Amino acid sequence: QGTRDHPPAQAALRERLLSAVVSCFKRHGAAAIDTPALELRETLIGKYGEGTKLIYELQDQGGELLALRYDLTVPFARYLAMNKITNMKRYHVAKVYRRDNPATTRGRYREFYQCDFDIAGQFDPMIPDAECLKIVHEILSDLQLGDFVIKVNHRQILNGVFAICGVPESKFITACSTLDKLDKVPWEEVRSEMVGEKGLSPEAADRIGEYVQLHGGLELIERLLQDPKLSQNKLAKEGLGDVKLLFEYLTLFGITGKISFDLSLARGLDYYTGVIFEAVLLQQEKEHVEEPVSVGSVAGGGRYDGLVGMFDPKGRKVPCVGVSIGIERIFSILEQRLEASGEKLRTTETQVLVATPQKHLLAARLKLISELWGAGIKAEMLYKKDPKLLKQLQYCENTGIPLAAIVGEQELADGVVKLRDIATREEVRM
């Protein structure tokens, strides 16, 4: 349950999608790394908020309690700390594992790919953060998935809001986990969970409600900086200053049209410390509907300045900011589109089929195909001694092979090969 086999057409689509994402990461100067699918259990526990209960734990193996990785961020932080690296821009494409209730129609699985890009190091504020948002914008524009919005918030602003609304500090993280559900359920449900399950007072919940339903751009940031309560809170003031600077850089990148400063965005992971963001695809269901309908999150990330320090014996911190592209959900959307269009996707890259029109010419085919392979040309032939020419040409049409190299008795005598264009049926001797 919650896993899948990928037949050739899906694997080809996935490869095309991953290469588009990776080429963007490379364009921004990232190097690739890889880490094991297994981590020590203690490396993962306590880093994911309520997600911790979805970690796949494995039986004790030779005195080690292990678990399957839940994301690519915690392994990256562990890697930086273990190797004493203080400065790195990396990408990582690999499978992660979650003991979740699968919702395969929405692209939610127990085993799935993540594509992460992260910048680690001590830099001037908000410059790397702005680049992460630019990358999300580039990838979603490049893949032509339709309209999208990138929601941005800041952990310190959230903590400031909780503080002035009377939430005790010990409940910040659980309040965040609940607030994270606001994109899926209405405020009333979130409010009742905050009061009923998380033990917040109804007054605190109502005060939180006044803030978390706000979203906008620079003008909202300016307005909140003037807010009598928020502007008195040190955390919130710092966070608002960060977001204001971020918006200035995003304006220079020319992408603020797709960015929304959204106070409801929480991202339920424990390790975020600064800017957090999430990209959501919008679907115009009906012509006359004012508000576009959200299809769900297709990318997310944020700043996590404390995570590496958790793995360093001396607690040395390495500030980090990163983004994860939700490749499975994007893949589901592209797959549905391909099905709807009825377009056939080529599953191989074969350039030429080596064919023969008469019997007893297997040796000629084998010699020619060997030469083609040796020259780095992608070539195939049928595994029959004497296939009919029509059958060979039909195979090209069925699999999308553009050319056939035909060697008959006449061609052998003349020392040439007849090259046939499958689509136009034109032939040239060469």
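Just so it is clear, glycine is given a Cβ too, placed from its N, Cα and C backbone atoms.
Remember, it's a predicted structure, so these values are computed and weren't measured experimentally.
What TrEMBL records for 1-357 is domain 'Aminoacyl-transfer RNA synthetases class-II family profile'. What TrEMBL records for Asp71, Leu72, Thr73, Arg98, Gln114, Asp118, Arg267, Tyr271, Tyr272 is L-histidine binding site.
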Which listed residue (Thr73, Gln114) has most other Cβ within 10 Å, given these are binding-site residues: Thr73
Number of Cβ atoms other than its own within 10 Å, given for Arg267 (L-histidine binding site): 22
Cβ contacts of Tyr272 (L-histidine binding site) (under 8 Å, same chain, 6 or more positions away): Arg155, Gly302, Arg303, Tyr304
Span of the L-histidine site, taken as the largest CA to CA distance across Asp71, Leu72, Thr73, Arg98, Gln114, Asp118, Arg267, Tyr271, Tyr272 (Å, rounded to a whole number): 21
Whole-number mean of pLDDT values that fall within the domain 'Aminoacyl-transfer RNA synthetases class-II family profile' (1-357): 90
For Asp71 (L-histidine binding site), nearby residues of its own chain (Cβ under 8 Å, 6 or more apart in sequence): Tyr48, Val96, Gln114, Asp116, Ser324
